[in-house]
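What follows is one structure encoded as structure tokens, with my remarks underneath.
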């Protein structure tokens, strides 16, 4: 499930809107994750080329975010929550937020200037949590962008070790490229191995037939 949603301006990490789970006990435990989210916004604001879509593990939860038109949309979810639905939810928020406030994002200076957007966030969140709605969304949106290529990284790599998100994204891309090359090489070697086995069988059959031929003479 989606536990927290935050929206911030990329240029200066200014929070624009937010929504957290109402449960008091969960709310207290989420304060640390809210602080991590704000740190992540600051990190993104200083990164010259942050990845437009990213997933970051943090303890038992996972952050997903997208960046569109100078705004970062971020959510905190259970790790079991569908990654595809998570990014679909973010795309939904981005579309509505841009429609309502797109022209005012650069003009505000007060934190949470669009806090009233929480009403839409709560509504969207409930629709994505509802099992029937999730099933319908899965059926309707079959052509959603491939999110499997978005490799999951650890938030500590960004916040504590000081690496830039763009550097991690490049490493992830390189790892993906290496993985694809390994798969191709493995397929090629398997094919060569199959040909070698077939050739060996043919040779054995030919030798056997020649042996039979000369034996019966």
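The backbone N, Cα and C atoms fix where each Cβ goes, and this holds for glycine too.
Checking TrEMBL for transmembrane segment across the ranges 179-197, 198-216 points to 198-216. Looking just at the domain 'V-SNARE coiled-coil homology' (136-196), the mean pLDDT is 60. Note: the domain 'Longin' (6-121) comprises 49 helix, 32 strand, 35 coil (DSSP; helix = H, G, I, strand = E, B).
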